[in-house]
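Enquirer: Pulled from TrEMBL, these are the listed features:
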BINDING   A:67, A:68, A:69, A:70, A:71, A:72, A:73, A:74  ATP binding site
């Protein structure tokens with residue numbers, strides 16, 4: 001039996017008009033701003049009218065630490081949404097948008113996989129509804145206005161050596177990481193060293209994803225710190241006078257995008273901030289809108305639960321006043337084996353001992369998630385190579401840890417394969433057992449927030465930071481930023497800062513190399529290692545083989 | 001009586017659903033790819049099916065040399081389209097898209113003015129349907145792939161000092177004109193000096209506007225020369241392997257955009273190449289599509305007739321196999337006065353003598369246009385300050401020059417004010433008197449093509465060019481580019497290269513400072529002065545006052 005690729009399945013899917021998908025959520029045609037026949041934005045006016053409606057149940061899908069075996073978090077998010085609809089519930093999913101640039105390096109990706117996908121796949125990997133282009137424009141308008149301000153006399157007294165705002169491009173272009181601009185003489189301004197990040201790393205992206213409406217968006221943009229004076233006084237985007245124009249550029253991008261799953265269920269695909277220097281969740285406005293329109297909203301967070309779910313709880317939920325009713329923790333037998341010490345090439349044969357050993361990673365995540373006061377259900381994303389004994393080992397382990405693990409076959413079978421999980425998740429969410437609370441209070445000192453995450457989530461013994469980092473955190477506290485949550489930038493492959501350390505390590509140290517203030521997004525970033533904010537292209541980028549074939553189809557993108 | 005601003009008129013307009021506008025041209029709903037409710041792209045599949053239909057009549061709107069008094073070329077294009085529809089003809093207009101970046105420097109502009117406008121005005125000044133963002137992405141993908149090629153070993157032997165392909169951004173950002181990229185060490189590649197142009201100056205823009213279909217687009221992209229080896233051998237975009245992926249990025253952007261005039265008539269707004277280093281016309285695909293769908297297509301070209309109409313005839317029509325059936329030359333009494341030596345501040349009082357003197361500019365353009373074998377009708381775009389004697393002076397002058405001048409009041413009255421012109425233009429176009437021929441043959445040597453334009457259109461005595469320029473032209477001829485047309489980059493304010501020289505100068509010299517090869521677009525650019533390809537922002541950019549007001553409207557953009 002030949003297995004169809006994601007793109008083959010996606011192309012064969014019969015798409016319903018997007019108006020029909022909107023109608024399932026009660027969105028009138030006039031309030032769906034179409035982008036083609038299969039994509040639409042939900043109008044701001046319609047969203048504003050939803051305020052007084054009750055919220056549906058919020059379900060977070062997160063995962064164990066990612067391994068090269070693949071855990072299928074988005075696939076399970078999509079599958080669970082379809083599964084809930086299949087058992088008669090009114091459900092919607094909320095996921096992130098893909099970045100265009102990286103698709104021309106490595107191949108682009110599906111949103112989901114197999115028979116649990118969101119479509120149209122090609123558009124979602126290319127320009128989609130233009131949101132990221134709008135973010136690029138807004139970001140770079142601010143950049144241009146900063147240099148222009150200096151050019152025309154620098155009335156604000158910006159220290160050209162202390163401009164922190166760079167430029168962005170949605171492209172993997174390593175040559176732009178470190179640049180000098182303003183060369184060529186008097187007419188071109190003052191020369192200075194700066195660089196470009198990829199668009200998804202822009203603070204504007206994080207802001208768009210955390211803003212509750214256009215007014216909040218403009219206020220947050222205004223608070224971005226772009227530079228400092230010689231006296232170390234911050235200069236903000238509002239000082240430069242750019243926040244109004246940036247809001248105009250982002251007006252359409254703030255409206256959430258509606259598309260459909262392969263089973264024609266509503267999917268909001270909106271926003272896509274980095275999961276290291278930012279919080280890695282889809283937009284607040286998409287999630288809150290979906291909660292007003294559906295009885296169950298399934299969403300996900302970037303990376304594993306130590307990073308993604310922690311930020312979802314401590315940043316997104318805290319800031320947006322959200323509270324998850326149930327968490328689904330995705331695991332695979334293969335990933336358990338890898339956490340148990342098996343190499344990817346050796347995943348084939350049954351190895352119950354390795355599975356049992358690797359379950360420590362899963363158990364740690366279950367404990368951590370429960371510490372937020374939310375019930376946890378484990379989804380075992382099924383692979384054909386999984387044996388019954390291996391699955392039973394995971395289920396027994398999870399049962400011992402006070403949860404349950406349900407096998408899901410949505411990749412192969414769509415909603416049919418995930419109805420058991422859907423039923424259990426609905427039951428749990430309806431049971432109202434969640435007593436959500438973030439891990440720390442707003443008024444905890446910044447360094448203590450870092451320590452709390454490191455010791456309680458990562459199970460480290462200590463946080464290492466030199467005086468410069470601690471002084472910086474104190475300075476921000478003195479400047480009124482002490483109440484912000486912390487956004488950890490750490491490897492996603494381990495609870496520790498060592499990507500090779502699988503399983504459930506403890507007793508390690510978490511070194512904080514650098515801290516950054518995202519005053520507009522509203523968090524302090526703690527960086528525990530090297531963070532790459534502008535990727536490069538490989539020796540043979542996918543772009544070399546991407547093209548349109550004689551049938552008018554895109555080739556090489558997937 | 002208070003006069004309404006363009007934006008007030010545009011906002012008050014009752015927009016019809018874009019499907020209704022498409023239906024006027026027989027475009028089925030399924031073949032209109034909507035972008036919101038008031039914009040759509042015409043599907044490539046539908047366009048491909050039109051091949052065997054007969055063409056409608058093609059009407060070019062051009063103008064005298066622009067003066068600070070404003071001539072109203074786009075306004076007349078829109079008005080004439082509405083006028084033709086008002087007298088019962090099936091007519092469409094084709095104009096260019098606006099660039100986003102400059103709107104944040106000076107205020108953005110309407111497409112047309114008064115009661116002869118295309119809407120939606122705000123979207124057309126912002127992201128519109130994303131075409132320019134797609135061009136930016138495609139251009140910069142090629143840039144990234146060039147540096148990436150060098151990074152991974154430079155198998156093609158690119159001379160890093162001879163990379164001619166820069167990067168682009170749709171933003172007025174003078175700091176990006178001259179940059180160094182690739183700083184920061186081994187991982188970031190090789191440092192080299194380069195810079196950014198504004199997106200509309202990209203050769204990709206010119207290519208998109210001249211390509212007849214996706215296959216032609218890809219072939220043209222492949223021919224772009226991006227660099228030279230140490231042996232001065234050209235390296236093309238196809239050598240880099242980028243043309244397929246760029247075509248994928250431009251797939252949607254190649255489909256022409258349909259919007260509506262204030263009178264709900266169809267308007268194609270597509271493409272927007274620079275009118276100096278490029279040819280300054282809307283896309284070939286929009287024009288050819290409109291010609292299949294409407295009986296009369298009104299289009300325009302950038303700047304005055306010496307630049308815009310010349311390039312329309314010698315580049316766009318030659319390349320696309322088009323032939324105009326009638327040319328409308330727009331003039332105003334005020335501009336005639338300025339050409340007659342009156343300063344802008346003194347335009348108020350009647351001055352028939354100045355009008356008569358200034359008509360020399362108009363007469364020269366009429367002669368030039370007739371030399372292409374096309375009939376010319378003059379449109380006097382009426383201003384309330386025009387006196388009857390002044391108008392009569394223009395009309396008498398035009399009559400002496402074998403044409404006729406018709407007063408048009410479309411700005412104040414919409415189609416009602418331009419019916420006389422519409423009737424005359426339809427009559428002329430239907431009369432089939434045009435015997436169009438470009439000014440020179442393909443096989444004329446490149447320098448002689450420049451001389452032909454300079455002496456026959458600009459009425460210069462001579463073309464000045466040093467040996468380096470002549471040698472370069474010969475080298476391109478030897479390399480097989482001798483059959484390309486020439487694209488002149490000259491000031492738009494005068495027939496000469498001196499912007500202050502109004503009227504109808506003759507006997508001057510045309511110095512060629514530099515020549516450039518746009519091998520993908522398919523022309524040789526001859527540069528007669530300083531050409532700015534990346535604008536800067538003014539001391540107080542419009543962006544400082546742009547924002548969204550409490551009513552949710554955009555303020556400060558217009």
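Numbers here mean position along the shown chain, with the first residue as 1.
Each Cβ is built from the backbone N, Cα and C atoms, and glycine gets one as well.
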Enquirer: Excluding near sequence neighbours, so keeping only residues 6 or more apart in the same chain, what lies with its CB under 8 A of residue A:73 (ATP binding site)?
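Expert: Spatial neighbours, sequence-distant, of residue A:73 (ATP binding site): A:61, A:62, A:63, A:300, A:330.
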Enquirer: Identify, among the binding-site residues A:67, A:69, A:72, the residue whose Cβ has the fewest other Cβ atoms within 10 Å in this structure.
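Expert: Counting other Cβ atoms within 10 Å of each of the binding-site residues A:67, A:69, A:72 gives the minimum at A:69.
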Enquirer: Out of A:68, A:70, which of the binding-site residues is least crowded by other Cβ atoms within 10 Å?
Expert: A:68
Enquirer: For residue A:73 (ATP binding site), what is the secondary structure state per DSSP, taken as helix, strand or coil?
Expert: helix
Enquirer: Counting only residues 6+ apart in the same chain, whose Cβ is under 8 Å from the Cβ of residue A:71 (ATP binding site)?
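Expert: Looking at Cβ-Cβ distances below 8 Å from residue A:71 (ATP binding site), excluding near sequence neighbours, one finds A:63, A:64, A:330, A:331, A:332, A:335, A:381.
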Enquirer: Residues with Cβ closer than 8 Å to the Cβ of residue A:74 (ATP binding site), same chain and 6+ apart in sequence?
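Expert: Looking at Cβ-Cβ distances below 8 Å from residue A:74 (ATP binding site), excluding near sequence neighbours, one finds A:95, A:111, A:112, A:113, A:300.
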